[in-house]
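Novice: Got a structure for you, questions after.
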């Protein structure tokens, strides 16, 4: 019946949903009162944010010395967490842009939340950029702004300047893409709104969406253009983040394999984070018919693929270190495996390389519980990956006289907590006040790829010629 | 609608139109709360202020408070209304002066002052004793002038209140009369005094009070040497060693002539002369050292053998016998002892004859007598050893001091004066001494602070700091120098000599007293100047007066070497020996409250802010002691017979002799000041007092593991070089064959064959049209003493961060001296390479910003805060830095230092970094160097302010800077000439010539293979080994 999805494929939306059901299901938690569960979760996020905020205060008031850094290890948890959050922020755009190009229709149920997560994660990463600076109040110097300091300009040779551009571009495009995608749904909510405040607020937010054919056409064009813009960004952001290390002279950092390896790792961790969050969301908001086991399985396959790429990259690094014949390079990698931070290395290896291989087993990749656990394990592993790259390379570089150990302080932990608090506060606000699933896009695939109840089936099969085209379906050419 | 005009009233009051109701009904929502005093307030019967007024008042209040808080503290800069003739703002003046401390350290110095405050100490090149370089302590002594703990004026200890000089003089004068008339003893207790005028002043005092005597003792005594020379040659002196004439040097025991011994600044320079190599000099001295704890001198030796300290005498006696056998003299009877290297040392000494010398550090006169006998046998008394112009830096008499302690306890002493002496802290029986002190009716101290002894005194008459005072010195017989004030006394202090003269009834000013002493005693020793005034002005300008003495007749040895050998043969050898040694920075502990010295890492252990028990690897594994950066070091309990047990951390020290443990003196101060109090443990009580003098080796010590751990502040926690070609070294024999022996010359394979790493580059390189500043560091000359580190700290306002921050690995030193131990492990066993040998070879490598031409730091800074100058320097623009720390991460040499906290303002650093936190401390800062705020990266600037000054001076005179005119702070502090700075574009400069000579020879650049192309190069370390 459909020219888009093979009938042998499992349906993407289950439960025989009608268009009305879709709207109803997704708008329910936006319009209803916050649930107790949401209230508790939100409160916890705020508390974590507050406790973490104390760490932020310590760093801003007293200086970076509140962290465990030293003369040898100048970056540790700060940049580890920065790269980790940026990596997590990769899934959103990947799902929205690359999966769009690959015509992966299953992305419609998850792209909204994934994009939101992207934005919050990039904001967390950004807060680390600001936090790690010795003099945060001068952060704007990193921008090529005209100034009165004389002919002072940024250093375009510095990967950190590239970073500023890469991250800010990524954040801007992601934010615009996400917001444009929200507009039709905001229009729906506005139209359904009963209370005055909601009417005004959603009215303003929906930019006067009128649902006219011309509006849909503009909307679709803008979406396509933005998707086109985002696609290279998915690859560029983490490539440039990897340049922070790859262009240096430090053994263990100075590696040409970093760009693809970092991008794969970012997708790997981003998908894991999307899974973690979506598994909770579908449970809490009762969206199991939209985020199905099929979705979970597809994402697990991507995790398995990217996890394997990352594993190959780890091994390649070792071979090249040996092949280079460079004493320092060899030692850097031997030290990773057997030096004082061996536990970080082996945590990384087991979490990132071994654990995703479990997804070869169908039973595991279709199990919600196993997926949830493994998605967290993957993110732990990816955190360790960044820690291993940053700390174990720095702590024993060229001159043994300067070799040192790094140990995090309480403030290191508090600042990490702060980003979690910030992330979840934002995410819960999003989950409450905005539709977590793209209503318009799900509706667009409802006809072609959902589990239909009998009567619908009869109707549609009886009158195939009269099947209305979905109001919006950018998957259809 | 018309009919609909019903009125609903809200209550009976409205209906009745009650007057109160009508009034209030209009104000159902009272506008109310007007400010008191207004018309509205007068009418209102409710709150007296309106909300609007409240907001107004609050707004005003907030704004006022905010503005008040914003106001910057007022700093008064007072211009010179009448400018002193010699002072030009921002132009430094130099005054020749003399630095002497209580630990036998002497330096003739130039004091750099800016706008009337001393800010730096430089060597005085006119001095015949210390013409080049200064000691670390001399560099750091500057800070003692601005020490917050200094007393502000005379103090009455009985009444615990400040007083004035007049009443102090009256009280002391009166009490002295009483003591004198009662016939009780009066004692002046001091450390060694090398000032002839001070001695004369004391003589005057003693002349006035017949029961007075002067007792001299040294915290770290050399009385054994004096006594041995008294019996051997009839001269109780410290011999002067012309090490530059030595071909074979043998050190026995704690003969730390490159580190902590008196005269080490001079000796380092002379020793280094024999270690310099070049195209025309392919020979160097050979140095054997037999010692228990690894000293700086031992670390520089070509062959070092760990021995127990109790064996020092036997080693000397056996050495004597072996040499005697070769030279055909009669042997002494001593038990045979064979330690590694002793035969070789004996053979070489015997063939070097008068070009060989043996030096011992022991305070045992018997050991020293045997050593004298060996030197006599070799004939080195006419060549290397000078007894006619000996050092006068240690003259302490252990017997006199022991007698005094006895007198004091017997209550025979009526009055006691402490000048540069703190026996309660640094005399072995100090505690008892403190108790006995109560028996004296008058106790006076000249100390500048309330130290352990001073706080028990009745009157404190604080002496000037040496930078505020007139003084003179005779560090070596016939070598005089003057000290002059470089600043007006900051506090109400008075020269101790002045006080003594005053109490002796002589009211002459001390500077006039010095002049008259010089006029009577020294003026006649020269004939150049006919008037004393002329003579005085020139001497004051030069700082030194060194009349050529007439040669004195050769000495003849009269010591009883057989008796001495018999005595050392009986030396006990039971159990573990505790060896008390000194650290190069803290010394005897008198200057412990100097944060620059506390933070100066020990050259060997690289630890600061602590003392600890050094144990051998073997003993550590027997006791189960471990150490790691994360967990710290195991604490051990040390039990010494008859002394209270102490608990302190143990540091596993490669090279520590089996059966011995080491502990540094000078720590554990209780009343030195906030920086020093309770840092480490006081080791003086463990020294023994016997008929032989004070003994610094204690037998029969019990060491047990205490169970807990404590971190030691070490700036380096990894001690081996991991078989990396960072320090390149060769043996002398190899070097003689090939000048570039030991060099690592990496090649990179390219399509065009193998190329030097530096021949391939992405960059076009920098062009230096004018100057190209560079530095060459000779690893063969560097003894690791650390005075360059302190000099750099002083010159560049480098903050001190204190113990905890050093433990956090955040010391700020721009220049550090890396110390590496050798390892016995095979080259590719990286795990085993981490372990140093039991008796390792040691190498020191000064490490500072290498000023790379392809600087990894420069490319990664996002804001161009670190850039390359047109003269070859890597520059740091503090104002532009916002602290991403990427440059530090990317620095292969790890020389960049980050301001983790606001060291200039953060009260957590007030005790250790007071030099940039208080008005008094700030006077020490170099006004030419920016004080950095938090969040900013810093590093060696190659003293860019000195380069700039030199260039400007040259420009004013319309010439180019002359080679040597611009000297780095580290370079000028180095007594061995290990550091050479200059313009590599000037073909006539010393550095250009050296580079031309050594490019294919000993010169290398660290990490040449990563093509950073540093402006700083090193010369290979050459060991004179077979």
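For all residues, glycine too, the Cβ spot is worked out from N, Cα and C.
From TrEMBL, here are the annotated features:
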- A:37-62: transmembrane segment (TRANSMEM)
- A:82-102: transmembrane segment (TRANSMEM)
- A:114-140: transmembrane segment (TRANSMEM)
- A:160-182: transmembrane segment (TRANSMEM)
- A:222-241: transmembrane segment (TRANSMEM)
- A:261-281: transmembrane segment (TRANSMEM)
- A:302-323: transmembrane segment (TRANSMEM)
- A:343-361: transmembrane segment (TRANSMEM)
- A:368-396: transmembrane segment (TRANSMEM)
- A:416-440: transmembrane segment (TRANSMEM)
Novice: Under 8 Å for C-beta pairs, could you tell me which stretch among A:37-62, A:160-182, A:368-396 has the largest tally with the transmembrane segment (A:82-102)?
Specialist: A:160-182
Novice: Short question: most Cβ pairs under 8 Å with the transmembrane segment (A:222-241), which of A:114-140, A:160-182, A:261-281, A:368-396?
Specialist: A:160-182
Novice: Taking the transmembrane segment (A:416-440) as reference, which of A:37-62, A:114-140, A:160-182, A:261-281 has the most Cβ pairs under 8 angstroms?
Specialist: A:37-62
Novice: Taking contact to mean three or more C-beta pairs under 8 angstroms, with sequence separation of 6 or more, is the transmembrane segment (A:160-182) in contact with the transmembrane segment (A:114-140)?
Specialist: yes
Novice: Checking distant contacts: for the transmembrane segment (A:261-281), what same-chain residues at least six beyond its ends satisfy Cβ-Cβ under 8 A?
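Specialist: For the transmembrane segment (A:261-281), the far contacts come to 83-84, 86-92, 94-95, 110, 113-114, 117-118, 121, 234-235, 237-239, 241-242, 287, 291, 295-296, 299-300, 302-303, 306-307, 309-310, 313, 317, 352, 356, 368, 371-372, 374-376, 378-379, 382, 385, 427, 431, 436.
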